[in-house]
Amino acid sequence: MKDLPEEWKDHQLTVALRIRPLNDAEIEEGATTVAHKIDNQMVVLMDPCEDADNVLRANRSREKTYMFDVAFDYAATQEDVYVATTKNLIDGVIAGYNATVFAYGPTGAGKTYTMLGLDSEPGIYIRTLNDLFTAIEDSTEDLNCSVYMSYIEIYNEMIRDLLNPSSGYLDLREDAKGEIRIAGITEFSTCNAKEIMALLTKGNKLRTQESTAANKTSSRSHAILQVAVKQKSRVKDINEEVRVGKLFMVDLAGTERASQTQNRGKRMKEGAHINRSLLALANCINALSEKGGKGAQFVNYRDSKLTRLLKDALGGNSRTVMITHISPASSNFEESRNTLVYADKAKNIRNKVKRNLMNVSYHLAQYTSIISDLRSEIDRLRAKIDQQSQEQQKGEKAGICDIKAEVQEYSHGEMALLQEQLLSAFREQMEIRRSLMELENCNMELHIDTSRHLLTISDWERDRARARRVRDEVTEEKRDRGNEEEQESGPEEPQYVTAAREEIGPLLAEQRKTMEQKRELEEKLLNMKLKSSKIEELLPKRISNSEQRDILTLLCKVHELELEKTEIQSAVLCKENVLRTKDFIIQRHEQQRTLCDDIIHQQKALIEDQGLCVPEELQELYSLYFGELSDASVDQILNLHTFATNPRAACAVKNSTPVCPTEAVSPDTLREIVSDTKNISVIAAKRRSHLRVNDSNSRVAGVNLASGLKSSVSMDSLVSTLADESAEVKRNPPRHRGSSQLKQDSKRTEGRMELPEKQQRKKRSRSFEASKRHVQKPRQNPSRHPALESISDNRLVRPALNMIQQLNDGAGNPATPPVAKMKNNVSHFTGEVQLQKLEIRGTPPSTIHQKHSNVKRGQAIYKQQRGPGDVSYPSNLLQQPGNYKKSTNENPRQKGTADVNRMNEARQKNKHTVKRSYV
Ligand SMILES: Nc1ncnc2c1ncn2[C@@H]1O[C@H](COP(=O)(O)OP(=O)(O)OP(=O)(O)O)[C@@H](O)[C@H]1O
């Protein structure tokens, strides 16, 4: 599958600037040109108030230069703008990436002109669609491609389908993956550019446009044209990959000042909505530019439907181009300056773009049903084979004449036809099963969404009830004191709760729809099963020769292999879930640990600044902490972890076997690892000695260190399993060993590794490696599990088809008995499946334990520092731990992010202090 260059994926928002020509009204009012393009990237904006005769040029600073990715002025044609901004997004969309182009700027600055254009000068919409279809036609890849188009407008914060206006106002919904969707939107599937143009024209006629003083054809809404290119392989397969690239083209309404547009009544209300949503957009741009797309600055997309819809385009998975528009006129100086400031900020936004590859995902519960179906199918086929063999034996006794007749009756061609029919019935069944699973997935997502909304509402209701209770109590008290005051009304329902209430209805309707579709598919599956059993009945009643029996056996085998594959996929899915959870835990621990580190560093600086004397026990903890958390120690532990997860390297060390230089772990690395192993043993021994000291001496501040160090004990056991040498270190805790001693130990180990008496183990280790290498195929997509990667190579029906192909090929070739060849294939295939099983391994929990122990230790030190001493801490420092433990009133959906944000913010605030003291 064709991929795009790396720079495409880590993408900085492309910002273009277009200065339109002065219009008649501006010329009439005597406006001068204040915005000039200097070169292809630079523009200058001059303040019209500047006095040209002032030789000292006191206002010089008001002449401001801006740099953009590309700049156009009145001389630029529509084609120039399209080629420089949008044309090169098309390849990406076809390759399965998202892209967005949006026109931004004040009213009358030329946004609609750029996006839609005129009949004689078509804009970006039409040019892009034309080129998109041409590119699809020219594509040489063997893919089934379909193009879907939708066109909506956001008018007064309401979404209207421009291709199906009768559908009323539509709702926004966030799916389980956090993607924003428009519920009930009409997506037209088209196969030619003409059709899509007709749809576009139809939609444009429906877009809300009015005349204002600033623009005769002012767009009163934001229009979003979405084109999705969906491609899948022509070969049907349960592991089939679907590639979906989406292109959003957005023509925003323009910012406007009531004085400038002279709007009243309805127009003014529209203007207020437009300004509000554009303000939300500007806020998002501000927040995103400050964090450069990476930091922890909270970006509030929820403030308007526009920002919710543009969430991916601004801060997510999309390559985005912003075409900013300004008027060159002096009368529009203020608008132009504001627009340029935002456009300048937007340049800092960074997006990570990833290909939208949807491996047809399977729901876990569905696996169970498929597995049991396949099992019963196998049992049935086996029973049939047994029965046929018995009958054959009887038949042999009955007489050879009957068999001959049957053989003639079922000629070779007929048998092949029956096989083909059986296999295609089986394929169709798998297809239906896949659709069923997709529906099940979809249903599950809808269910999760509904539950989440219900949770949001119930949380809010609970908070409101609590607030009401408190208010009632206060009112009661006031009344008792004779203070009769007007009763306050309760808090207003927040927007996200109202949105949740609104979204529940459509979600339930959607669920009913998917259930109905599921029922229909189940019926179809039942019919398919009946059909295949009828085909089987057509097979010869009595197996007349071994070839026929082998064909049945092979059919059985195909089912068995399918079953194994399904089981493997199911296991992978489970494992991925577990890994995802582990990742999350690690991430949380990492953040907590960093926070603890910062606090400890600050507290230590404070103690040192104030010249306080630290209890010996705390001092010991400090040295242990700084020693262990130094980068070197962590690297060693990580190395050890890598090493421990590599069975071959572990085996080599255990057996002191030299490793072949061509193999994955070089002797150097191995030596380092052995030395690391020993260093870690030393650390572990130190820990134990501290543990003993703490057990006997302390419990002073109620710090249960033992619990914090539990994981280090498990680390010890890991070390002892890996290297025999560590046992020696354990018996004799090397408290006084220096680094030179460690080096000697390491050399000794090296020497031992050269000993020849472990030849046999070495051989075993090599043969294991050979089998492993066979499994380790190059990874196409690093985000996928390697096992899944290799499974997708073994397509469902391909082995069966190959076998039949071989049967046909080998028919006329006496040198290659077809069935024997097929058997070979089957056993090879079975071997592959077994090796795939070997590939699926869990992640040893040592990483999590290690991080967990670091966090615990950080917390222990923190507690000791905060103990009953009389040190006065700065208030921001005292707030931190409380902050991240405290439960918040935020929307539960945002709670996790809010916690993380708070922690990062706290870290950010304290960073420079830490640097001053320690770096
Ligand atoms: N580059 C250009 N060359 C020639 N005419 C232009 C150019 N840009 C804009 N115009 C003209 O200026 C007028 C206003 O442009 P347009 O309607 O595109 O503005 P807009 O930014 O979309 O405004 P609004 O936000 O109010 O919808 C139109 O008559 C348009 O034809």
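Each position is counted from 1, following the chain as shown.
Here the Cβ of each residue, glycine as well, is placed from N, Cα and C on the backbone.
Pulled from TrEMBL:
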| type | residues | note |
| --- | --- | --- |
| DOMAIN | 12-349 | domain 'Kinesin motor' |
| BINDING | Gly105, Pro106, Thr107, Gly108, Ala109, Gly110, Lys111, Thr112 | ATP binding site |
| COILED | 364-398 | coiled coil |
| COMPBIAS | 468-484 | compositional bias 'Basic and acidic residues' |
| REGION | 468-496 | region 'Disordered' |
| REGION | 724-794 | region 'Disordered' |
| COMPBIAS | 744-759 | compositional bias 'Basic and acidic residues' |
| REGION | 865-919 | region 'Disordered' |
| COMPBIAS | 873-891 | compositional bias 'Polar residues' |
| COMPBIAS | 909-919 | compositional bias 'Basic residues' |
Going along the chain, which residues six or more apart from Gly110 (ATP binding site) have their CB under 8 A from its CB?
-> Arg18, Arg20, His325, Ser327
With the ATP site defined by Gly105, Pro106, Thr107, Gly108, Ala109, Gly110, Lys111, Thr112, which remaining residues of that chain have Cβ atoms positioned within 8 Å of the Cβ centroid?
-> Arg20, Ala103, Tyr113, Asn215, Gly254, His325, Ser327
Here the 10 Å Cβ neighbour count for Pro106 (ATP binding site) comes out at 25
Around the Cβ of Gly105 (ATP binding site), other Cβ atoms found within 10 Å total 28
In three-state DSSP terms, Ala109 (ATP binding site) is classed as coil
Relative to the Cβ position of Thr107 (ATP binding site), how many further Cβ atoms are located within 10 Å?
-> 25
Helix, strand and coil residue totals from DSSP for the compositional bias 'Basic and acidic residues' (468-484) stand at 13 helix, 0 strand, 4 coil
Candidate with sparsest Cβ neighbourhood (10 Å radius) among Gly108, Lys111, Thr112, the listed binding-site residues | Thr112
Are there residues of the same chain, six or more positions away from Ala109 (ATP binding site), whose CB falls under 8 angstroms from its CB, and which are they?
-> Arg20, Gly254, His325, Ile326, Ser327, Asn332, Glu335, Thr339
